[in-house]
Amino acid sequence: DHGLLVIQLMEKPLGPESLLLRGARLKNTKEIFGVAVYTGMETKMALNYKSKSQKRSAVEKSMNSFLIIYLIILLFEAILSTILKYAWQAEEKWDEPWYNGKTEHERNSSKILRFISDFLAFLVLYNFIIPISLYVTVEMQKFLGSFFIGWDLDLYHKETNQRAQVNTSDLNEELGQVEYVFTDKTGTLTENEMQFRECSINGVKYQEVNGKLTPEGFSEDSPDGNRHSLVRHTPPPPLGILEEELFLKAVCLCHTVQINADQTDGADGPWHANGIASPLEYYASSPDEKALVEAASRVGVVFTGTSGDSMEVKSLGKPERYKLLHVLEFDPNRRRMSVIVESPSGEKLLFTKGAESSILPRSKSGEIDKTRIHVDEFALKGLRTLCIAYRRFTPEEYQEIGKRLHEARTALQQREERLADVFNFIERDLELLGATGVEDKLQEKVQETIEALRLAGIKVWVLTGDKHETAVSVSLSCGHFHRTMNILELVQHKSDSTCAEQLMQLAKRIKEDHVIQHGLVVDGTSLSLALREHEKLFMEVCKNCSAVLCCRMAPLQKAKVVRLLKTSPEKPITLAIGDGANDVSMIQEAHVGIGIMGKEGRQAVRNSDYAIARFKFLSKLLFVHGHFYYIRIATLVQYFFYKVSLQRVLVKFTEKQVNFLPARNLFQI
């Protein structure tokens, strides 16, 4: 898992962060030293890919079952008619009539061959018992009915000019029988557009108003609005940097955001109210980081890019260059990331951002209590929260830190554990600067749609790759979890024993408090442990919960959860809906897969059975189109089976026996 690359006597550590996965694109890098380690079906993309299988609706499966019954009836009638024929012809007076007399060859042939020949003749005679036309009529009805979805203007999204899309017409009636809905979060329930809303700096809450950060309670039009505006047009005091400006610089420096290489600092672009131009277009793997850097640029502290090992920032038009010394990468255990930079004055600074549960306990100074209150207020509003802190190093401290980091990063054994120890040593005694609140805006009418699904008796499971806190916050804001709901958690378990113990406790709590509604939160690691040895107990807990949220899920884990419900003894009809490539396995696994035409490519749409532009369209798709499709197809199938049972099975068979007709079909011309 770990290695070293020696270039000109310099040791460069190699690890998972050096791995370029298939399907990724490397940008802003002129040249690399590379070697292929996994190819073909061994790549992560191939391992997470699930081949598309043919889906059949429950109605079609029922039709096939009934057809088997009619096939048995056909065989029974053919055998019975053959036996009755020989019983009837046992007496000489009931022999074949003159116009149907047998030839000499037929009379001398084997009795077994004659029996088989007569049996096959009756089989052909009664073949109309099998309603072949039923399949043709049903397929035509499905094909023509599928156009109604595309024609429905209520499923048309005007902003993107996208209509609902039907990729298969075989599952129309299945839409009206769904019992479980599995949905992705980002881009499906939300717009996948992070927008900066609020922040807390040095114990004061700020909101962005027309390109300025204004303390809460003040507006730009108030008499004191400009006086209380965070970004000032006066130079900072000579003794150090203002806390507010330092906060914004921390936002602009502690990230992994990239800038389009074609853009230049001198490009013309839009101007904001504070007189600062921000023509730069930012790219980031984390939409949160992108939203924060863009917000800082709007209020006057602009990240203008990197040059070699330096990061350039413009503060109120004044360019500053910070040397990037070390990056302490984000990991889910620490739940924070840090950078160590050298300021223009030569000072060594550590900037850290992360979850409040990770930053606040490590802070020794700053408005800790006020910031904690503000973070809780942000979370109640459904905002994604981050805390920001910093630390100054003396030359001696930095020298020791550099030595420890180099030893840990070049270690071939237990590198991750040693790095974690060094990171913990560095990220301590922090001075808290503040917190941020970023909104991943919910799509329109998501709450109403989830509530409608719940009232229809459909259970909604949210399967997301996001972290625990963010997923719970969005579930609360979109109505998936109610405020009065008892939230149960199965998270951060690393052994079978602790996971089993927690599952038993949850099952006990549900039985004791069976009157109130329960919601379950489970993460990917705990899910793997639960399914390994305690699948039955886990399913019992899930089925007794009104809503389930699975976070930190890998693509194949999403598909595994869907398969788990799909193959349970109750055999419920499942529906999966998502917008990204990581939802493809889940969409293919469910009985009905729906792709959202979002901003993460078209893979989900191409692999889905139906595609819609917004989550809110799901309610009409299920409750109107699905409902009427099921009624139409059920009525049609019942009519055909009624016709077959009454006319063909009963009437025709009785007619043959009563009239003693031979194994010949007479047609009236």
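Any Cβ shown, glycine's included, is placed from N, Cα and C.
The annotation transmembrane segment is assigned in TrEMBL to 65-88 (among others).
The transmembrane segment annotation in TrEMBL covers 119-138 (among others).
According to TrEMBL, the Mg(2+) binding site annotation covers ASP184, THR186, ASP579, ASP583. Under DSSP, ASP579 (Mg(2+) binding site) is assigned to coil, being neither helix nor strand in the three-state scheme.
Sequence annotations record features per position, and here TrEMBL assigns active site, 4-aspartylphosphate intermediate to ASP184. Under DSSP, ASP184 (Mg(2+) binding site) is assigned to coil, being neither helix nor strand in the three-state scheme.
Annotation comment: TrEMBL describes ASP184, LYS185, THR186, GLU289, PHE330, LYS353, ARG384, THR464, GLY465, ASP466, ARG552, LYS558, ASN582, ASP583 as ATP binding site. Summarising the environment of ASN582 (ATP binding site), the number of other Cβ atoms within 10 Å of its Cβ, over all protein chains shown, is 22.
The average pLDDT computed for the domain 'P-type ATPase C-terminal' (605-644) is 90. Summarising the annotation, TrEMBL assigns domain 'P-type ATPase C-terminal' to 605-644.
For ASP583 (Mg(2+) binding site), the nearest neighbour among the listed binding-site residues (PHE330, ARG384, GLY465, ARG552), judged by C-alpha distance, is GLY465. In this structure, of the binding-site residues ARG384, ARG552, the smallest number of CB atoms within 10 A of the CB marks ARG552. Here the candidates are the binding-site residues PHE330, ARG384, GLY465, ARG552, and by Cα distance the one nearest ASP579 (Mg(2+) binding site) turns out to be GLY465.
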